[in-house]
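Engineer: Sharing a structure, written as structure tokens. Questions coming.
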Amino acid sequence: MALNWFKFASPASFYPIAGRLIPIFWVLTVALLAVGLYWGFFETADQLGGGNPQKEYYRIIFIHVPAAWMSMWLYVVLVGWAAIGLVFNTRLSFMMANAVAPTGAIFTFLALWTGAFWGRPSWGTYWDWDPRLTSELALFFLYIGYIALHSAIDDTRRADRAAALLAIVGLIMVPLIFWSINCPDPNQCAALHQRSNLMHIEGNILFSMLIMTLAFWMYSFATSFMRLRSIILTREADSSWVQDILTQEDRA
Amino acid sequence: MFRVFWTVLKRDLTLAMRRRTDVLTTLFFFMIVVSLFPLGVGTERKVLMTLGPGVVWVAALLASMLALERLFAADYEDGTLEQMLLTAQPLSLLVLAKVAAHWLLTGLPLVLIAPLVGMQYHLSDTAIGIMMLSLLLGTPVLSLIGAIGAALTLGLRGGGILLSLLILPLYIPVLVYGSGAVQVSDIAITDTQPYLTLLGAFLMMAAIFAPVAASAALRISLE
């Protein structure tokens, strides 16, 4: 069966689908959060030994790492939709990119914030010019730049396309920025952040971390789709199907 | 094709020469920012020597960014830019010419004034030489990347402050290696080679890709 993907590219046909998907994603979010948090609080060790001993506070990892992962992944998603929008000229793609941006920015901020609170007890400082902190901060600025440029342009079509181009340029620059921060001296490279390797993480901690990541992922779907629906309604306010929906909802 | 480049370059330079103060403003902004830092952090010789390279580079970043607003603005207002979009010549070539002219007017003066600023910060002669070299390689990259931002924010209200928000994060690599080169030049002059090679690589990449992206941005802004 050939599935016609372009059918769903129309805001009118995707609006009801998003509406039906949102509750599912919320349920998944809450369920995964419950499992992930329970596992993280009660099924993991209270103390961590090894090279860098950590007390209870290491449990920030269950928010911190998933938030950092999502912040990076969502930027790729944003650029993906922006690029699809520029290539195929589909309105919904731009709306999707737009809807993802605030969620991504929030996760970036969350990663920085939780990182600061984790850094205080374990490194003795809220902030350090460590490569990963600095590059996460740069990523935050990229999100803010995208949102700011989009909201500064009144004409929607120009705003969509200009912000999309900026996001793509940003993605091309991201490796350069990250790499230059990671390796400020090309003669030698060093970093404060522990080198992480998923294989070395204790099973329970890894499980809880991955469940939390999934929960954040589902949360991103839910919030992006909610935002997407509002964007669709705002932009298509003049079309007849939106009028129909609004009158229906008024009656109900 | 080379003639088109040359014509646009000469035109922009002539126009700028008719309003010389614009060029000088950027230069004096750079000098004022650099001169303010010692007043803020104290005039101790050792502090200034450590801060020098970074301050000069950040000031160069800000100066070239502030000048960016003027890159397309005048041509946009009098309609020249629209005519440029309509010509049969490749737009990215015209953009490259405009950026080149812009750099000659705002970037090159910074390179030439750098020794004076370096002396204010008690930098050694080798450090000043490396600083000039790194600015010579780095400031064109700033102009090239900045052109994308200038094209995107064309004609927007509050364009200047928005431009800085969009462009400054993208300037990070140039800043890191530009000021890094000056910092290591005091330890061993051979250590600066990787920095300068990287800046050169940035310059070549930016010269190829930035005009294309900037002309795409111009088409978006003017359609």
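Along the chain as shown, the residues are counted starting at 1.
Every residue, even glycine, has its Cβ placed from backbone N, Cα and C.
In case it helps, TrEMBL gives these features for our protein:
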- A:22-182: domain 'Cytochrome c assembly protein' (DOMAIN)
- A:21-41: transmembrane segment (TRANSMEM)
- A:61-88: transmembrane segment (TRANSMEM)
- A:95-117: transmembrane segment (TRANSMEM)
- A:137-153: transmembrane segment (TRANSMEM)
- A:162-181: transmembrane segment (TRANSMEM)
- A:201-222: transmembrane segment (TRANSMEM)
Engineer: Three or more CB pairs closer than 8 Å, sequence separation of 6 or more: does that hold for the transmembrane segment (A:137-153) against the transmembrane segment (A:61-88)?
Structural biologist: yes
Engineer: Below 8 angstroms Cβ to Cβ, which residues of this chain, lying six or more residues outside the transmembrane segment (A:162-181), approach it?
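Structural biologist: Result: 75-76, 78-79, 82-83, 85-86, 94, 97-98, 131, 134-135, 138-139, 142, 145-146, 149-150, 153.
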Engineer: Other than its close neighbours in sequence, what residues sit by the transmembrane segment (A:61-88), given a CB gap under 8 Å and a spacing of at least six beyond its ends?
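Structural biologist: For the transmembrane segment (A:61-88), the list is 9, 36-37, 40, 94, 96-97, 100-101, 103-104, 107-108, 110-111, 114-115, 118, 136, 139-140, 142-143, 146, 160-161, 163-165, 167-168, 170-171, 174, 205, 208-209, 212-213, 215-217, 220.
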Engineer: For the domain 'Cytochrome c assembly protein' (A:22-182), what's the mean pLDDT in this predicted model?
Structural biologist: 86
